[in-house]
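See below for the structure under consideration.
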Amino acid sequence: MLAFRFTMRFSQPALQQKQQHDINRQRRRNLQVSVVGASGGIGQALSLLLKMNPLIETLVLHDVANTKGVAADLSHICTSPTVKSYTGEKELKKALKGSDIVVVPAGRPRRPGMDRKDLLESNANVAIAVAMAVSSVCPSAFLAIITNPVNTIVPIVRDILKSQDSYDPKRLFGITTLDVVRAKTFLGQSLCIDPQRINIPVIGGHSGITILPLFSQSNPPFKGDESEKKELIERVQEGGSEVVKAKAGSGSATLSMAFAGAQFVGSLIKGIKNEEDKPIVECAFVESNVTPLEFFASPVILGPSGIKDIPCLPELDQLESQMLQGLLPVLLKDIEQGVKYANNFITSGC
Ligand SMILES: NC(=O)c1ccc[n+]([C@@H]2O[C@H](COP(=O)([O-])OP(=O)(O)OC[C@H]3O[C@@H](n4cnc5c(N)ncnc54)[C@H](O)[C@@H]3O)[C@@H](O)[C@H]2O)c1
Ligand SMILES: O=C(O)C[C@H](O)C(=O)O
């Protein structure tokens, strides 16, 4: 039923290939990862987990407040990454200069009763500022966005980078790993097995029905009936709201997101290092051709230059096919909203 095919369309002339080779060689030596929004709920926990990654040489923390204290605290941990900190919008470019990976958990979280969409007005400007700074000081960095609403923020960032001539579709990611983490956890509970043993792709986007875990593709296989499967899918789709409700006004998922973010950044790093025997695969919301939409989350294969390949979607079962048809128009609207927002921003010259 799903016959959309992906073709890589990123061909590079020889000079660019040489520059890329040099960048990759440099990256294999000294990796710098920068966290924007490092003093926040996700930012602090994510920075802690990244401080434990021996493949990172320099961990740069940036936030508009409290960065110095978080950095001083982290810097006493006896692991190899060196910690640096920068505070305020004026120091953003200094913070990002030389970054190989910029990961962005900056911006407001949801409160009960809010949709992720409701965060667009407050968070778009943060993402735009980061995209402008990346274009200016580290245009070859991988940019990984956690900030919500991911479905709309990522297209905005793409268009801002494009407006600055620094967009490379292989290097921009919306992080949807938390949806995979949740799908593994809930399926692990259902099968009574260690969730770390589970593989399951989650496709679509990152909000409500746009999140589509593919239990037909899980390994080990899902064993329940159709109604149990529906229940599991809905639990993954509403996982964020489950946490927002439980936190009762004090924010949304932070610790599980930090875990997911650290896993995703860890995979980006493994891709850059290019030393693994098996392919590095993560689900992410990226520009792709696997559906008629410009952006879609699906498993992507990572390498030294970012996205190496985006495989076609697998054969879905009937329920998943129906759900995919249902999510496409919703996700399309979210993406179009981002494109419109960026266009207004660019044409108004703000
Ligand atoms: N992609 C996902 O799966 C996922 C999961 C959980 C949360 N989120 C999103 O992540 C974002 C952060 O969530 P949180 O719980 O950590 O929020 P938080 O309020 O605890 O932290 C946000 C941090 O961003 C900082 N910040 C704000 N504007 C900034 C700017 N211009 N430059 C640098 N830093 C800035 C704040 O000072 C704060 O420290 C939210 O938008 C939330 O919805 C996404
Ligand atoms: O639900 C939220 O607002 C935060 C995040 O997107 C999540 O999935 O936990």
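The backbone N, Cα and C atoms fix where each Cβ goes, glycine too.
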Could you look at Asp63, Asp100, Asp168, Asp277 and say which one TrEMBL places alongside Gly37, Ala38, Ser39, Gly40, Gly41, Ile42, Gly43, Asn123, Ile146, Thr147, Asn148, Met257 in the NAD(+) site?
Asp63
Check each residue in the chain of Gly37 (NAD(+) binding site) that is at least six apart in sequence and keep those whose C-beta is under 8 Å from its C-beta; list them in sequence order.
Gly43, His62, Asp63, Val104, Pro105, Ala106, Gly107, Val126, Ile146, Thr147
Measuring Cβ to any atom of ligand 2 with a strict under-6 Å cutoff, which of the binding-site residues Ser39, Gly41, Gly43, Arg110, Arg116, Asn148 qualify?
Arg110, Arg116, Asn148
Measuring Cβ to any atom of ligand 1 with a strict under-6 Å cutoff, which of the binding-site residues Gly41, Asn148, Arg182, Met257 qualify?
Gly41, Asn148, Met257
Cα-to-Cα gap, Asn123 (NAD(+) binding site) vs Asn148 (substrate binding site), nearest whole Å:
7
Taking the Cα atoms as reference points, how far is Arg182 (substrate binding site) from Met257 (NAD(+) binding site) in Å?
10
To the nearest whole angstrom, state the Cα distance for the pair Arg116 (substrate binding site) and His206 (active site, proton acceptor).
9
